[in-house]
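Chemist: Let me give you the structure first, and then I'll get to my questions.
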Amino acid sequence: MEEIVGLREGSPRKPVPLQELWRPCPRIRRNIQGSLEWLKERLFRVGEDWYFLVALGVLMALISYAMNFAIGRVVRAHKWLYREIGDGHLLRYLSWTVYPVALLSFSSGFSQSITPSSGGSGIPEVKTILTGVILEDYLDIKNFGAKVVGLSCTLATGSTIFLGKLGPFVHLSVMIAAYLGRVRTKTVGEPENKTKEMELLAAGAAVGVATVFAAPISGVLFSIEVMSSHFSVWDYWRGFFAATCGAFMFHLLAVFNSEQETITSIYKTSFPVDIPFDLPEIFFFVALGAICGILSCGYNYCQRTSLFFLKSNGFTSKLLATSKPLYSALAAVVLASITYPPGVGRFMASRLSMSEYLETLFDNNSWALMTKNSSPPWSAEPDPQNLWLEWCHPQMTVFGTLVFFLVMKFWMLILATTIPIPAGYFLPIFVYGAAIGRLFGEVLSLAFPEGIVAGGKVSPIMPGAYALAGAAAFSGAVTHTLSTALLAFEVSGQIVHALPVLMAVLAANAICQSYQPSFYDGTIIVKKLPYLPWIRGRKIGSHLVTVGHFMNCTLTTLAKDMPLEEVIKVVISTDVTQYPLVETTESQVLVGIVKRTHLVQSLHTDSASWAPGQQPCLQDILANGCPTQPVTLQLSTETSLHETHNLFELLNLQLLFVTSRGRAVGSVSWVELKKAISTLTNPPAPK
């Protein structure tokens, strides 16, 4: 012992290896190490989660603001080039189209060359990961870099391609959360904990939404509604704390950079507070919600059908498999050509950015009444003080411009969602819903130019309020969420229309959820990601179907008295990840679970220790240290399909064994559950 420690016998200090003493400045190094250990002990006394959640929120706010800053500079450069290039139509057309074509081609090629999983929104994959499914490479740091660069190029195209950043930013936030989780595990020195990892990933999803819209409350609620069917209340404080840190930091950076005078909402509105709406208007808001619900059904169906067509069509599937940048360039040419301002783009306010779309649509003045007796000229450049004039063209009324915008953007947005680039799809549908509400409000303002009279008081029609309700209702119906109502309040700074907006969102969701899966669930279906379909309502009879009707009866068990040769045959002939352990071959009483990896490792380790002629059995392998797991949860043959589905969703399970009077008789996995639910919802035709 004296040759491996550097202290004399009886020394009061801790033993130190001689290797440490041979290094330079051993005493200083020990003092620094002791000070760091003391600081770590004091800091982590209140809980180490606080520090990592603060780091998560601050980091994502910095990344979000830096991206916005860089993208804003690039977009302004594009506008300057288009403005200064002259009056030649060919040069102006090329400056308008070549710019987004080059950016989208680079975004697609760069992100796909690094990792194919960086394309798309990322929310469907994150939703799958939070259910307990392991998706390789989706949370790697190289995916993070590809997503950041690709998303920046996508957003730099402006409103020409009409895409956002919410989905990819949620994916980026979850990647950072996963990385911080690994750092936390090494710092604290505790073993990996799957539960804590999922808690941090859930907080990361909330931070992603909060740092895009600077809306912490709706960010947490939206991430809960989109990402999970069951959510632990224990995770609430993590999500709210990290989201608040991120949103506050985002606002703080805007103030420090003189973009805002103080902390305010992103899209400022000025609705009157005295009488914001009257009771008869509730009916109109509900009707608007119903219209948004019907249109959202059509949008989700067309978008999902388009993705199916691209995958099944021979030409497009080959093009997407071999030349993704070429497909992106072709789609960008189509979209940029249509939005070219001197062309048909002048009838859809194509010179406005995504934020300017919302600022103008939320205007509380009625454009129809303001232009009723006059037709304002179409200026050569947008007027920053009167951006709403972009929606008014001498050759078309306000109603014609809004209708043309809705018709064209419907299929253009579907086309944009098929481009294999990192992009978000929530902000475009939010803007689209605002345009629906604006059109509805303008019609009402024309029908009731003096306002609605009720109880002797006059309540004027504010189209901006209907635009706010339409944005929340349409986006909520497309994503099957209710928190979009709160998101609309947070980004606009208005809550005077809380009741009518919420009723519109409820009406839209009631229609869309009855007939179509959500946008993200539809993408999961198209990409064939692992998922559990919802059991909607009691009419399908899920409470009457028991596990015995749909379980997998082919079950390979390992008995404790099974000879070693048979154990090896079972391992070689099967590829399952775990085996049910039974007491004896005859009784088949389930007593535990053996992981395949542990069993194979024990077989390799113990095979050399057996004497010639000895006939070992599985019990000997287990006695020599092969770990087993207790059966903490099992199903009965009489358990209903509804209860089984709830267990799998609540506990993020992948497989459960079925017993009858203690005997192992089968197993249930996602495959059996999905097949049983599909049989109930779409019963086979009678023979």
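Each position is counted from 1, following the chain as shown.
Positions of Cβ are set from backbone N, Cα and C atoms, glycine also.
Quick caveat, the model's predicted, so the values are computed rather than measured.
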Chemist: Can you tell me which of these residues Swiss-Prot lists as N-linked glycosylation site: N193, N373?
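Modeler: Out of N193, N373, Swiss-Prot attaches the N-linked glycosylation site annotation to N193.
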Chemist: By DSSP assignment, list the helix, strand and coil residue numbers for the domain 'CBS 1' (551-609), in that order.
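Modeler: Each residue of the domain 'CBS 1' (551-609) counted once, the result is 24 helix, 16 strand, 19 coil.
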Chemist: Give the number of CB atoms, excluding that of D278 (Ca(2+) binding site) itself, located within 10 Å of its CB.
Modeler: 17
Chemist: Between N193 (N-linked glycosylation site) and D278 (Ca(2+) binding site), what C-alpha distance do you get in Å?
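Modeler: Between the alpha carbons of N193 (N-linked glycosylation site) and D278 (Ca(2+) binding site) there are 54 Å.
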Chemist: Any idea what the Cα distance is from F426 (chloride binding site) over to D278 (Ca(2+) binding site), rounded to a whole Å?
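Modeler: A Cα-Cα distance of 31 Å.
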Chemist: For each of S121, N193, count the other CB atoms within 10 A of its CB; which of these recorded positions has the top count?
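Modeler: Sorting the candidates by Cβ neighbours within 10 Å, the top entry is S121.
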Chemist: Take a look at 51-82, 91-111, 141-160, 161-180, 500-520 and tell me which one has the most Cβ pairs under 8 Å to the transmembrane segment (400-420).
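Modeler: Comparing 51-82, 91-111, 141-160, 161-180, 500-520: 161-180 has the most Cβ pairs near the transmembrane segment (400-420).
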